[in-house]
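Undergrad: Sharing a structure here in structure tokens format.
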């Protein structure tokens, strides 16, 4: 019957559908996280939650990804990628559909966000491996470029999209696109990849203890670092215990991996020097991306009193520049070694951060255009080089082992970077306020002129300029992190001969 044929699992692999399914999932993961974080102030009012209760929804959504992300590559080799994608995609659609109906039932709301995060965590770890297996090597750079583009699609376009959905439709649409896309991914995966036999030997001999230690440790460390700024860092017993417990459990998992063969947290993939350096640079990227993901949107919101839809104009410019620069980055990647691409991109990001140290309180979207464009070009160039460096230096047999540690760079360090930069902004703002206050001398003609409008007006000017100084300090932080990443990139060795980027494999 036609319907039964439509719903039947495919008997032959369909590479195009595979690439569509996995990239749709990768983009959805980043976009959904950004939609939620940008819309959280509005969602808090709709859910009737206080600031801390609403923040825990974001913690549940992101922390749950650190349970499924490290396990997904191994699970795909054991039960097959079709099963790994199918069930979580359907559950994701169901969770996203149900969330608006439990808007005033906090325990269920928290559980549904955790379930959604658990399901979202399966896509990114499988994206590159499935995509590269599905296309010809001459298209691999295009695949890498598309993978890097999902960062800007989520972080930049996602911010503007969130404001548009809230202003033009309703808060329900923060979740309902995912309710639709989840089942679509499941259907595409079902029709793209035939079911494979379950490897019961691997399933029985799995290092369940190592998985539990590593994933639990990552989640605890994430909860500690993500909630540190809002709970007061060392003033909170929860933050301190979560951070210490997370570090101890991850260290125990790594120690177990060093002593035991075929352990979950094996370090075999990190035996390659280039892979280690690339992983460190990938972790630093969480700080390098903050100009477009955090600093500029927050500056426009504070100085211009702009809503997400209005501040989203800046992030749309960043996304457009990233999209437009991608073909150029692919062209360069075919002619330059991956390490040179990274050096070029990091140099542009460092220069952009230096430009950011010249901002003033009257800057708006128009003044940020050059920074947004240069930052996007730098990110595009650097990320394609970084992904190419990972692919060309990685032993394919170590792919699953590396997949255990990559979530640290994908989820943990971007959130940790946002927390640290937010803390940096707060502390720099306090220091700047104290420093500026010391220059207000009673009786000074300029001070008396400003004070003629009232002490409140003078306080507003003081607060405004201290925030500008804090932003400049944050750009200095990004600048020095860029130089650190640049120094690490210089230490990279040439990749082995490969079919992707120079040095190319010589034909026999």
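From the backbone N, Cα and C atoms, a Cβ is placed for every residue, glycine too.
As listed in TrEMBL for this protein:
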DOMAIN    18-468  domain 'Major facilitator superfamily (MFS) profile'
TRANSMEM  57-77  transmembrane segment
TRANSMEM  84-103  transmembrane segment
TRANSMEM  109-132  transmembrane segment
TRANSMEM  139-161  transmembrane segment
TRANSMEM  173-193  transmembrane segment
TRANSMEM  205-225  transmembrane segment
TRANSMEM  237-256  transmembrane segment
TRANSMEM  277-301  transmembrane segment
TRANSMEM  313-333  transmembrane segment
TRANSMEM  340-356  transmembrane segment
TRANSMEM  368-390  transmembrane segment
TRANSMEM  472-492  transmembrane segment
Undergrad: Mean pLDDT over the domain 'Major facilitator superfamily (MFS) profile' (18-468): what is the value?
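TA: It averages 91.
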Undergrad: Which residues of the chain, 6 or more past the ends of the transmembrane segment (139-161), have a CB below 8 A from one of its CBs?
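TA: Answer is 19, 23, 26-27, 29-31, 33-35, 38, 127-128, 131-132, 289, 292-293, 297, 308-309, 311-313, 315-316, 318-319, 322-323, 326, 329-330, 333-334, 376, 379-380, 383-384, 387-388, 391, 499-501.
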Undergrad: I'd like to know if the transmembrane segment (237-256) touches the transmembrane segment (205-225) in this structure, counting it as a touch only when three or more C-beta pairs sit under 8 Å and are separated by 6 or more positions.
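TA: As far as Cβ distances go (cut-off 8 Å, pairs 6 or more apart), the transmembrane segment (205-225) and the transmembrane segment (237-256) touch.
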Undergrad: What residues in the same chain, six or more past the boundaries of the transmembrane segment (472-492), come closer than 8 Å to it by Cβ-Cβ distance?
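TA: Residues 274, 277-278, 280-281, 284-285, 287-288, 290-291, 295, 338-339, 342-343, 346-347, 349-350, 353-354, 356-357, 359, 389, 421, 424-425, 428, 432 contact the transmembrane segment (472-492) from elsewhere in the chain.
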Undergrad: Cβ under 8 Å, sequence separation of at least 6 from the ends of the transmembrane segment (57-77): give me the contacting residues as numbers and ranges.
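TA: Beyond its ends, the transmembrane segment (57-77) has Cβ neighbours at 29, 33, 36-37, 40, 43, 47, 49, 84, 88, 109-111, 113-122, 124-126, 129, 199, 202, 206, 211, 214-215, 218-219, 222-223, 226-227, 264, 399-400, 403-407, 410-412, 415.
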Undergrad: Against the transmembrane segment (313-333), which of these stretches has the most C-beta pairs under 8 Å: 84-103, 109-132, 173-193, 277-301, 340-356?
TA: 277-301
Undergrad: Which stretch, 109-132, 173-193, 277-301, 340-356, 368-390, tops the Cβ pairs under 8 Å count with the transmembrane segment (84-103)?
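TA: Looking only at 109-132, 173-193, 277-301, 340-356, 368-390, the most contacts with the transmembrane segment (84-103) come from 173-193.
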